[in-house]
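Taking it in order: structure first as structure tokens, then the write-up.
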Amino acid sequence: MIRALALVALAAFILLPLTQAVMLSFIATLPHDGVPEGSVSLVNYANVLAAPELRAAIGNSVIYVLLNVALCIAIALPAAYALARYRFLGDRHFLLMILVFRVTPPVVLSLPIFILFAKLGLVNSPVGIALVHCLFNLPVAIWILESFIRAVPSEFDETAFLDGHSGASFFFRHLIPAIAPGIGVAAFFCFIFSWVEVVFARILTVTEGKPITTAINAMFGFQTDMGMVMAMTCLSLLPGVAMIWFVRNHIARGFALRA
Amino acid sequence: MRPYNNRAWLLLLPALMLLVAVGALPLMAVINYGFHDIFSLSNVHWIGLDWFSDILQSQRFLASLGRSLLFSALALAIQVPLGIAVALLLLSCGRWAVWGLMLCALPLVVPWNMIPMLWLGLINQDTGILGHWLAAVEFDYKFTALHTWMLLLVMDTWHWLGLVVVLAYAGLSTIPTAYRQAAHIDGASRLAVFRHIELPRIAGGLAIVFLLRFVDSFMIYTEAFAINAGGPGDATRFLSIELGEEINGFSYGQAAARATLYFVMVLIVVCAFVMITRRPEAEA
């Protein structure tokens, strides 16, 4: 009985702010053509999808997040393998370094990163954001993948090499399928941390390539259409919710920290 | 035992290069700027430690530091026990637990600048679901410092509880049922089961939760700024809000010195954390 009450309270606490957003997104908060104010309709979603700058913002966010996930997994896999299977000079220092970069607040680095990326021509480009988000996503990806690779006994590698597999073919044909759930979990965390990040994404997009987060801030004005803002917010939640669904059975593997 | 092989560095090379480019180089630039007075990028003067001594001697800095420490302490004191409790609750739900985990993970995928917006909408006195009741108890986050703090803490808990739950659940779900049965037969109390069976299993996950939550709440910016921009008065002027003001005011030299100080603080916390967590590993 107490357990049921606690679960209900938890669900209410988590869902309450979202409920309000979902409800508002289906209500016309400003009068539109043929839709009186206060009526229930899909006009907000139609307006969001009809606005070219909002469509572009969704596209921009999707591009840099996917780029970031691909980059993080591709770079973290060999690094995680090295850390899981070998000891070497400075391995602990490397782990300490990624930990430090993971916890360095973005505001600390925002100014020089802007200057550096402006010189390299990476401002306003999704590549710039994807690169800079690796700063906090690469460590997380390395920790998660390392803990999954460690769970695979090293005899697994040795058997594959004895069977005559080269390094690359072992990596793609044996290791990656064996730790597929780990790659899923790592991709999940990279995806959400990149999708929700605001500080870097905002300063690195001055004139174009604006992400979804900046686009929503820009919707506030003299007469804000709250319903439309909430419709945009709800749309921005969909990819994250889909990601949660895909990794639901593996999400609780978590990550083990080594430093 | 893992073999010793320095060629493993070749596999680390791409990661290292990327982190140096987007992390180490900008960091060195920040530290360097901190020793200069910067009018524009072409008009820069060396002024040594002036910025640092200015900041460290200012009362406002110390007050912000105190506020940030208090906020982190409160956030950890609320979120860690609550997260463990929720994880234990979910663990007793069998196969429904995965739905609970998905529910708890939901706030993690909300873009950060929309979280304050969702909460401000919720407590809006005219349109919010809770607005009516909050108006009845004279809740006023704009002008009452205590209420602003409560709102920030509730919002932060909403946002990050999922991370604590997921990592605590990850540790708890590895406990074989035989352990619990044995404890039950021995007549161990609930507290003893937690202390001797559950806590050791979640210690690793909790360590990283503690570190991530401490640093993130210590440097809270996006959410805190959107709620009340440091107000009422200076009641929620946290460290990062001060830094944001300086960057927006084009006071780059001072902002860089401040950023360097913050980085040093984070570094000290990380080093302390590593020393504390490494000791039991060495014994094992």
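Cβ from N, Cα, C; glycine included.
Annotations in TrEMBL come from automatic prediction, not curation.
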Under TrEMBL, which of the candidate ranges B:15-37, B:199-221 is annotated transmembrane segment?
-> B:199-221
Would the transmembrane segment (B:96-115) count as touching the transmembrane segment (B:199-221), i.e. at least 3 C-beta pairs under 8 angstroms with sequence separation of 6+?
-> no
Counting only residues at least 6 beyond its ends, the same-chain positions whose CB falls under 8 A of a CB in the transmembrane segment (B:158-179) are 75, 79-80, 82-84, 86-88, 90-91, 97, 101, 104-108, 110, 115, 119, 197-198, 201-206, 208-209, 212-213, 216-217, 223
